[in-house]
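Lifted from Swiss-Prot, the feature list:
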type	residues	note
BINDING	G10, A11, G12, K13, G14, T15, R123, V132, Y133, Q200	ATP binding site
BINDING	T31, R36, Q57, L58, V59, G85, F86, P87, R88, Q92, R156, R167	AMP binding site
REGION	30-59	region 'NMP'
REGION	122-159	region 'LID'
Amino acid sequence: MRIMLLGAPGAGKGTQAQFIMEKYGIPQISTGDMLRAAVKAGTPLGLEAKKVMDAGQLVSDELIIGLVKERVAQDDCAKGFLLDGFPRTIPQADAMAAGGIAIDHVVEIDVPDEEIVKRMGGRRVHPGSGRVYHIVFNQPKVEGKDDVTGEDLAIRPDDEEATVRKRLDIYHEQTKPLVEYYGAVAAKGEATYNKFDGTQSVAKVSEEIVAALS
């Protein structure tokens, strides 16, 4: 069960990733975690990646694909894996296919931009404890104040509307070609491609994912 997860920031991808991992007993492969682990383990590819990152440069697709191949060959990936946030571009998707890393299912969680802006723009955080509130979905007892300390709540820079919209623009720009790419792969019968409505309840989305993957 080799799954690739697509979804904009704030679409609820992390929650479904956790669910898929537990349900199918497969690990999540995130390129950031993988890079850090390879650097820490001091593997030849990890050392190469460290050299590039220490120089303040971007790690090449070739190197990332090498790390992914190394990672999926590990024992815990015997039943499959969940790729999150990779590939991001068509060259990466091509390199993955050329490297023999096949995908069985593409799962896209779709939430309209305005809904994401509402979700993320409504988040408030208590800087001291990291407690998170939401002006619509999880309101503090007193508006703008932390329930425990009564201190002021803040908006994280990442949650400001302009930042959220910019991240969404980048996501759509990067992902639209990938959606078409994997749509074509699915049309050839080499994988399944399913799009889920992420505005539904978490449980409903999970239920639909299981139905589509079984």
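Just so it is clear, glycine is given a Cβ too, placed from its N, Cα and C backbone atoms.
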Site with most surrounding Cβ atoms, counting all protein chains shown within 10 Å, from the binding-site residues R88, R156: R88
Per DSSP, three-state class assigned to R88 (AMP binding site): coil
Distance [Cα-Cα, Å, rounded] between T31 (AMP binding site) and G14 (ATP binding site): 14
Intrachain C-beta neighbours of G12 (ATP binding site), sequence separation six or more, cut-off 8 angstroms: I109, V111, G198, V202, V205
Number of Cβ atoms other than its own within 10 Å, given for V59 (AMP binding site): 17
Secondary structure composition of the region 'LID' (122-159) [DSSP: H/G/I, E/B, coil]: 3 helix, 10 strand, 25 coil
Reduced DSSP assignment, G14 (ATP binding site): helix
Distance, R123 (ATP binding site) to R156 (AMP binding site) (CA atoms, angstrom): 8
Binding residues T31, R36, Q57, L58, V59, G85, F86, P87, R88, Q92, R156, R167 (AMP) - maximum C-alpha distance in whole Å: 32
